[in-house]
Amino acid sequence: MGALRPTLLPPSLPLLLLLMLGMGCWAREVLVPEGPLYRVAGTAVSISCNVTGYEGPAQQNFEWFLYRPEAPDTALGIVSTKDTQFSYAVFKSRVVAGEVQVQRLQGDAVVLKIARLQAQDAGIYECHTPSTDTRYLGSYSGKVELRVLPDVLQVSAAPPGPRGRQAPTSPPRMTVHEGQELALGCLARTSTQKHTHLAVSFGRSVPEAPVGRSTLQEVVGIRSDLAVEAGAPYAERLAAGELRLGKEGTDRYRMVVGGAQAGDAGTYHCTAAEWIQDPDGSWAQIAEKRAVLAHVDVQTLSSQLAVTVGPGERRIGPGEPLELLCNVSGALPPAGRHAAYSVGWEMAPAGAPGPGRLVAQLDTEGVGSLGPGYEGRHIAMEKVASRTYRLRLEAARPGDAGTYRCLAKAYVRGSGTRLREAASARSRPLPVHVREEGVVLEAVAWLAGGTVYRGETASLLCNISVRGGPPGLRLAASWWVERPEDGELSSVPAQLVGGVGQDGVAELGVRPGGGPVSVELVGPRSHRLRLHSLGPEDEGVYHCAPSAWVQHADYSWYQAGSARSGPVTVYPYMHALDTLFVPLLVGTGVALVTGATVLGTITCCFMKRLRKR
């Protein structure tokens, strides 16, 4: 026997296997979704179909057939991309009307669309692709089962009353105040035998606008995965807790919009969508229904807030009490959880522009405060009725005369305790006249002795005369100085040196020379200022400023008048002998001549000043 040798394949066999393998990789394949698919009667359905591994032109043709359960072997032509006469009679009218159509996505992919499913549309759908290949290899059609479910989704407005009451047949019209809560309920249920999820959302359309996807603005909704999501304009309010959505029981959903705003007005709808999970794991919406919940009007505070004042123009005397009443009116929500109010009084002097300055106010918590310049006075601001506020000045002054206005502000509460001003209103002006005290003051001041020298004490006297005024008038006097700079008075305001108040208490300011100062009352209407150890820095123009004060019944003081004396010049002279010691460093003889010259000059100047005076 000869040795065994391995059997060699013919050279053409490996090549043939490779060709067969390559042809298998390029075999035609038609792909449709995995079934069965569940859809609801009356809704739209889309079934995709695409082909791969084909030969021939890039644009392939597609034909759709239906095999009904009662005739599983009978193919009913639905629609074709090639033949317009392809449809069987049962589909012809629907195809012509566009209710059933095939839409090409690209050359090798299409989608079958049925606008409104009917119960007889259930069955096996086949997508067939006529061959354009050189050899018949692969699959030329794909099949998927479609099951049509009855429409059992129900959506309606939830009745505001207890369970069991029927919702009204027509949508109600609701009116809420700005800042109040807007609460709406929706009933959504389904009895589909398959496992489905409901997504429920609340939407709003502007008043009188037609309802549609383009006009309906989503407020908030619960998705099919139970996540709560708000529409873009409401996302911030949802995050802040002003917007809430919850499920009560098995089929009731409740939306609460806290702190209603003017932009919340409109027609509210509830939309329920039923979702099912297809065999490929994706979720598909199989039904959707919408119900009108209510037509909502938001009554803004700015359109309702009104302020009136009384009792009318007032004329009173100084020291008399002044009472003014302010009434806040309008269809307003009560102060509390959703709304808050503040009320204040403003006063502007007669003829002054603008509302003026704040006198007193009650804030949103009912805490009173006085405006700048009114501290220390007996002024009361109180609430005397549900919407009536009273301002009382225990003792009016002439400076209280002017135009009074009452200012009311309305606030709404946002999330937590945050307040947002929603409206404000001012009353008409209320004139108040206060008689003047009729006090006339005059003051005469002079330097005692006429001439003062350095190191001495300068005494300045001020006599005050008074005409008119009530009994018990008190006088006060203060001394002021203006310093010269380069021979002229400085533009700096006068500086207080000292004075005696209406209560007899002395007040000391700052003396230019820094030495001791004394102020005293030397007579009923005579005041004296003394500058001890006078120095060159004390040079200046002094004046006396008296003022008249009246104490009212509330023990507050009111300045009833003031005056200013004429200027008093204080010039500290040097003693003549002091000048002899200045030039000793340059010789005694020169000092005597210089001293005599200076002495003569000073004496001459002094005599000239006396003659001028």
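Glycine is no exception: its Cβ is also placed from the backbone N, Cα and C atoms.
Swiss-Prot lists a disulfide bond between Cys544 and one candidate from Cys326, Cys406, Cys462; that candidate is Cys462. Swiss-Prot records a disulfide bond between Cys406 and Cys326, which is the match among Cys270, Cys326. Between Ser80, Ser282, Ser518, the residue that has phosphoserine written against it in Swiss-Prot is Ser518.
Noted from Swiss-Prot: Cys186 is disulfide-bonded to Cys270, selected from Cys127, Cys270. Taking every protein chain shown into account, Asn50, Asn327, Asn463 are the glycosylation sites, and of these the Cβ with the most other Cβ atoms within 10 Å belongs to Asn50. Cβ neighbour count for Cys544 (disulfide bond): 26 (other Cβ atoms within 10 Å of its Cβ, all protein chains included).
On the 0 to 100 pLDDT scale, the domain 'Ig-like C2-type 3' (303-424) averages 90 in this prediction.
Its own atom aside, the Cβ of Cys49 (disulfide bond) has 26 Cβ atoms within 10 angstroms in the protein chains shown. Applying DSSP to the domain 'Ig-like C2-type 3' (303-424) sorts its residues as follows: 3 helix, 64 strand, 55 coil.
Candidate recorded positions: Cys326, Asn327, Asn463. Nearest to Cys270 (disulfide bond) by Cα distance: Asn327.
Distance from the CA of Asn327 (N-linked glycosylation site) to the CA of Cys406 (disulfide bond) is 9 Å.
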